[in-house]
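Here is what Swiss-Prot says about this protein:
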type	residues	note
SIGNAL	1-25	signal peptide
CARBOHYD	52	N-linked glycosylation site
CARBOHYD	81	N-linked glycosylation site
CARBOHYD	147	N-linked glycosylation site
């Protein structure tokens, strides 16, 4: 009697091999869900490095906006060295179209027993980062002008505080957006290690650039 063998789909084998690679080869926190979907659908099976790019377009369409960050996870582009720029130092931000300031304030007042961490800091801390960025961009766009300065009034902002909420656990960027919308936030910041930050109505910029999700710090 011939021994029976367990037939494992090629997509599953590829997924396993990708996930055991060193971290500098693939941003697992950012890409896991979408890469799994594309591999299961067998849309990223070809190998451009071997001269076969028959599936490249389909794979790119499947990964969508995550193509730039995740193409190395499916062997479509050269691996990146994420040790130089850890996921916690990168983030995606977006304004939410229909914020509900009163709801956000009500949910973040006082101590809560929910699975999130409320952080409040002066708005001027946001403005200092924002001014540095604007000044740098104006200098790049107008190199012929020297001593470019950005004038921002701090008189009113000094009394204002920016309140943000960090969810304890890691989540996808879609879940981050939905969760922040459901609590009335004005904006959200999703760190590329999957930490989610909801930004309150008093914040001028996009909240804090520091990861503070208690169960999602790496």
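Each Cβ is built from the backbone N, Cα and C atoms, and glycine gets one as well.
Because the structure is a prediction, the values reported are computed rather than measured.
Taking a C-beta cut-off of under 8 Å and a sequence gap of six or more, residue 52 (N-linked glycosylation site) has these contacts in its own chain: 46. In the three-state DSSP reading, residue 52 (N-linked glycosylation site) counts as coil.
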